[in-house]
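Asker: Quick one: structure below, then a few questions.
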Amino acid sequence: MAFQSFFSKYKTLPYFFCTFVQHKPNYHIHSFANPQILPPSLPDLVNEISRLLSDHRYPHHDLELSLKPFSPQISTNLVEQVLKRCKNLGFSAHRFFLWAKSIPGFQHNDVSFHILVEILGSCKQFAILWDFLIEMRDSRSYVINSEIFWLIFKAYSRANLPDGAIRSFNRMDEFGVMPNVQDLDKLLYFLCKRKHLQQAQNFFDKAKNRFSLSAKTYSILISGWGEIGDSDKARELFEAMLEQGCPVDLLAYNNLLGALCKGGCVDEAKNVFHDMLSKRVEPDAFSYSIFIHSYCNANDVQSAFRVLDKMRRYNLLPNVFTYNCIIKRLCKNELVEEAYQLLDEMISRGVKPDIWSYNAIQAYHCDHCEVNRALRLMFRMEKDKCLPDRHTYNMVLKLLIRIGRFDKVAEVWENMVDKNFFPSVSTYSVLIHGFCKKKGKLEEACKYFEMMIDEGIPPYVTTVELLRNRLLGLGLLDHIEILVDKMRQSTSHAIQELANVMIGNRATHNTLRRDETDIESD
């Protein structure tokens, strides 16, 4: 196995990678007739600064010094684009925001302020978030409004910290925001969406006398209890809404229908549906789709199609989620031809299939090792202007490696490059893990590992361990050293630290990410 020549062979990446890999891009364009220097484009600047934020993600990294050369190019648009690109880098994004704020004459806009709040919340950096809000309040730099707190409610709820979301609601007046029923609705919505129903209900019971409640407030809770299958609690809230004299609208009825169906009370839901009609509340497409979802979950495809036929008669158009529900069920029941027919119907009726529509069918082809149909479906997706996503590529690549169609792996990879699809850590992991498990394909695994390092994407710990163990098993210690040297030369500090895993230093494992439990089950 000629690894020495292999490593030198793949040191030059295609242009697709080079634009993202080079740490100091050359923006000079030379002409023998008229030499000139063009300023860097916005995408180039976004790529470079985003790379810096990724490489300097820990407190001891001197991010500000590395950012200094970019001071003359800073703009509100540039800051926005960088923050949007780096939504998973809360600490670095916060430092970048403060660094830009310190540049004389520069002022962030409200959009960047909102994006940073969302980033800090999604990264669970709540201590930094509150310090930041207090600083912004005291400096009067930005207007702190209800929408900021909605982002905080969402972040705490997603982090499974419902008490934190409720405390945030109670702190709104500290920042000059007097909560109203709309803020209450948002809090309840995010709590219910993450299934924190008991906390939502308890807070509602305490706070309901402070606000003029609408049917929407009750509907949020009814829907939430329905999501966890507690139709009794949903029914109780519906009755309380009637007692309060709230006008019962279509939204309230639909939420009750959904709660009853999810609680297994489909017959009662049918009675409520007829009650709607008697009270001249006209059902919409969503009313019918509730029953379709219920029948699909119960594996009753015939009943689902009967409801779909009724919608056709009433000229009600199901949305893409309803179609996807049926398509997924058909594929699970190995009725893939019927799934394709439904896909064609969607297009003919003006409902644009989304990535989930195609991926449900693609999963069937990959599970059944139908290579040609899987590749044809990818071509159809491009023709239908629904480009494959990470899940699509990962499923297909995993299939191709599993059955040994390595020629097609190269074709699919080139197609990704042509479509400007940036492979993520999971896509590289599918390839590296797949090739490591195939006899005689360790060189291919090393090729994609080296590409990953060159692109500055830190691999999973298990990926590093797997590749190291395969090389050790063949006695290729010198090749491990080559990879270690390459990792240590990376501009990414995370990759530099992973070099210790490659040499077998297990003490570093606890500080590195191990979120690779499913290399690709998408």
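Using the three backbone atoms N, Cα and C, a Cβ is placed for every residue, glycine included.
The model shown is predicted, which means the values in this text are computed figures rather than measured ones.
Checked TrEMBL, it gives:
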| type | residues | note |
| --- | --- | --- |
| REPEAT | 145-179 | repeat 'PPR' |
| REPEAT | 214-248 | repeat 'PPR' |
| REPEAT | 249-283 | repeat 'PPR' |
| REPEAT | 284-318 | repeat 'PPR' |
| REPEAT | 319-353 | repeat 'PPR' |
| REPEAT | 389-423 | repeat 'PPR' |
| REPEAT | 424-459 | repeat 'PPR' |
Asker: For the repeat 'PPR' (214-248), give me same-chain residues lying six or more residues beyond its boundaries with a C-beta closer than 8 angstroms to one of its C-beta atoms, as numbers and ranges.
Answerer: 181, 184-185, 188-189, 191-193, 195, 197, 200-201, 204, 208, 255-256, 258-265, 268, 279, 281
Asker: Are there residues at least 6 beyond the ends of the repeat 'PPR' (319-353) whose Cβ is under 8 Å from a Cβ of it, and what are they?
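Answerer: For the repeat 'PPR' (319-353), the nonlocal Cβ contacts are 285-286, 289, 292-293, 296, 299, 301, 304-305, 308, 360-361, 363-365, 384, 386.
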Asker: Which whole-number mean pLDDT does the model give the repeat 'PPR' (389-423)?
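Answerer: Summing pLDDT over the repeat 'PPR' (389-423) and dividing by its length gives 93.
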